[in-house]
C-alpha cells in the first residue's frame with residue numbers, strides 16, 4: 001500500500017500558461033491581505049509586552065511584571081482581559097467568515113478584498129486613537145472583520161489566478177505575505193518601544209493602515225478571477241479574453257476554460273454545491289475532513305502561541321523588553337526566509353514531503369524547548385544567558401519548520417482541493433475553523449502557560465506527532481494537478497476511494513450492468 005501517494009489517471013488536459021506581469025502584479029496586490037494578517041498577529045504580541053501599554057490598559061499585569069515575587073514567572077502575564085485584546089480580532093473574523101463566504105461566491109473574490117481592506121483601515125484608525133480598553137478592543141474587532149473577508153478571498157484568488165504547474169508557489173505567497181507582515185510588525189515594535197513619552201504603541205497599532213490602504217486601493221483595480229466570473233454567469237468570450245491575458249498571448253486556454261465552465265455547470269444543474277452540499281454530500285467528504293482538520297492542526301502546532309506571545313514568553317524567561325522584541329525580529333526573519341524556501345520547493349518536492357519534514361522538525365523543537373524550560377526556569381528568577389540563547393535558537397528552528405510546512409501549506413492545500421461549485425463554501429469552513437481554534441489558542445495560552453508551565457510545550461508536541469501521522473496516512477499529493485481536476489486524487493487514494501465511491505458515470509454503468 002502506497003500510503004497517501006496517488007497518481008491521477010486520465011488527465012489528458014494540461015493547461016498552458018506562464019508567469020505574466022499581469023498575474024504577478026495582481027497576486028502581489030492581493031497578497032497585501034496576508035501582510036495585514038501577519039501584521040496583526042505580530043503587533044499584538046509586541047504591544048502587549050510594552051510597559052506603557054500595559055500600564056495604561058492592563059495595570060494588574062504591569063504590577064506583576066514589574067516584580068511581584070508572589071507570582072510565578074509562568075503566571076505574570078496570565079490575564080483573560082489581556083488575551084481578549086488578542087483573541088477579539090479572531091472572534092470577529094470567525095463571525096464575519098459566514099457573511100464573507102456568501103459575498104465571495106456571489107460577488108466575487110475582489111469584492112471581499114475591498115470590504116476587508118476598508119474594515120482594516122477603520123480598525124487601524126480606532127486602535128491608534130484608543131483612550132480606553134473598549135476602544136482598543138473595538139479596533140481589534142474591526143480588524144477581525146477585515147480578516148474574515150481577506151482570509152476568505154485572498155487564498156482563493158491566488159490559487160485560481162496561478163498557472164497550474166506553479167500553483168503551490170503562488171498560493172504559498174499568501175503565507176510569505178503573512179510572514180512579511182509579522183516581521184514588519186516586530187521591527188516596528190522594536191523601534192516604537194524606544195519612543196519617549198510612552199505612545200509608541202499607538203504608532204504600532206495605527207500603521208496597520210498602510211497595507212490596508214494598499215489592499216483597498218489595489219483591489220479596486222484588480223481583475224476578477226475567471227473561475228469567479230463563470231460562477232457569476234459572465235459571457236464565455238469575456239472570460240476567455242481575461243484568461244488569455246492572465247496566461248499570456250499565444251497560450252491555448254481552451255481546456256482550462258472548458259473545465260471551469262463544466263465545474264460551474266455541475267453546480268448549476270443541481271449536482272452539488274453550496275454549504276449544504278459541501279457538508280452533507282458523500283462526494284465532498286474528503287474535502288470536508290481536510291477543511292476541518294488542516295486548519296485545526298495548523299493551530300495546535302502551537303505557532304500562534306509563539307507568534308502572539310513570543311515577546312511575552314521571552315520576558316517570562318527573564319529577558320528585558322527591548323531584547324525580547326529584538327529576538328522576535330530575528331525569528332520573524334527566519335519565518336520569512338523559510339516560507340520563501342517553501343515557495344521554491346513546494347512544486348518540486350510536493351506538499352506531503354514538506355508537511356512531513358516540517359512536522360518532524362517542529363516536534364523535535366517543541367520537545368527540547370519544553371525540556372529546557374522544565375529544567376531551568378523556576379517560579380522566580382530567570383534562566384542563564386546561555387540557556388536563553390539556546391531557547392531563542394530552538395524557537396527559530398521551530399518557526400523555520402512551520403515556515404516551510406504547515407504555515408504556507410495550511411492555506412495552500414485547502415484552497416486547491418475544492419471543486420468550483422463548493423469552493424467558496426469550503427474555504428469558508430476552512431477559515432471559520434482556523435479562526436475558532438486561533439481564538440482558543442490566543443485566549444487559553446497564557447492560562448495554560450501559568451497552570452501547565454513547561455508542560456504546554458509537550459502538549460503541542462503531542463499534537464505535532466498526531467498531525468504528521470494524519471498527513472502520512474490520509475493526505476494525497478496534489479502537486480501539478482490542475483485545480484479543476486483535483487477531485488480525481490480522492491478516487492485514486494487507498495482510503496478515500498472507499499468513501500467517495502465511483503464517479504457518477506461509473507455508477508450509472510453499474511446500474512446498467514456494464515461494469
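Keep in mind that glycine also has a Cβ here, set from the backbone N, Cα and C atoms.
Note that TrEMBL annotation is computational and uncurated.
Residues annotated as domain 'Major facilitator superfamily (MFS) profile' in TrEMBL: 26-479.
Feature annotation from TrEMBL assigns transmembrane segment to 19-39 (among others).
Look at TrEMBL and you will find 81-101 (among others) tagged as transmembrane segment. Long-range neighbours of the transmembrane segment (81-101) within the same chain, counting only residues 6 or more positions beyond its ends whose Cβ lies under 8 Å from a Cβ of the stretch, are 40, 44-45, 48, 57-58, 61, 112, 115-116, 133, 136-137, 140-145, 147-149, 151-153, 275, 308, 424-425, 427-428, 431-432, 435-436, 438-439, 442-447.
Positions annotated as transmembrane segment by TrEMBL: 113-135 (among others). Non-local neighbours of the transmembrane segment (113-135) in the same chain are 30, 32-33, 36, 57, 81, 85, 100, 103, 141-150, 153-154, 157, 202-203, 205-209, 211-213, 215-217, 219-220, 222; each lies 6+ residues outside the stretch with a CB under 8 Å from one of its CB atoms.
TrEMBL lists 170-191 (among others) with the feature transmembrane segment.
Annotation comment: TrEMBL describes 203-222 (among others) as transmembrane segment.
Per TrEMBL, the feature transmembrane segment maps to 288-310 (among others).
Annotation source TrEMBL lists transmembrane segment at 322-346 (among others). Among residues of the same chain six or more beyond the transmembrane segment (322-346), those with a C-beta under 8 A of the stretch's C-beta atoms are 42, 45-46, 49, 168-169, 172-173, 175-176, 178-180, 182-183, 185-187, 189-190, 193-194, 306, 310-312, 314-315, 354, 392, 395-396, 399-405, 407-409, 412, 479.
TrEMBL lists 353-374 (among others) with the feature transmembrane segment.
Look at TrEMBL and you will find 386-407 (among others) tagged as transmembrane segment. Away from its own ends, the transmembrane segment (386-407) comes close to residues 175, 178-179, 297-298, 301, 303, 306, 310, 314, 317-319, 327, 330-331, 334-339, 341-342, 345, 354-355, 357-362, 365-366, 368-369, 372-373, 376, 467 of its chain (Cβ-Cβ under 8 Å, at least six residues beyond either end).
If you look up TrEMBL, you'll see 428-449 (among others) marked as transmembrane segment.
Tertiary neighbourhood of the transmembrane segment (455-475): same-chain residues 3-4, 289-290, 293, 297, 300-302, 305, 351-352, 355-356, 359-360, 362-363, 366-367, 369-370, 373-374, 406, 413, 445, 448-449, 495-496, selected by CB-CB distance under 8 Å and a gap of 6+ residues from either end. Per TrEMBL, the feature transmembrane segment maps to 455-475 (among others).
Counted over residue pairs separated by six or more positions, the transmembrane segment (19-39) shares fewer than 3 Cβ pairs under 8 angstroms with the transmembrane segment (428-449), which leaves the two as not touching.
Proximity of distant same-chain residues to the transmembrane segment (203-222), defined by a Cβ-Cβ separation under 8 Å and at least 6 residues beyond the stretch ends, is recorded for 26, 29-30, 32-33, 35-36, 39-40, 43, 46-47, 110, 113-114, 116-118, 120-121, 123-125, 127-130, 139, 143, 146, 150, 157, 181, 185, 188-189, 192, 195. Taken together, the residues in the domain 'Major facilitator superfamily (MFS) profile' (26-479) have a mean pLDDT of 86 on the 0 to 100 scale.
Away from its own ends, the transmembrane segment (353-374) comes close to residues 301-302, 317, 342, 345-346, 383, 387, 390-391, 394-395, 397-398, 400-402, 404-406, 409, 453-458, 460-461, 464-465, 467-468, 471-472, 475 of its chain (Cβ-Cβ under 8 Å, at least six residues beyond either end).
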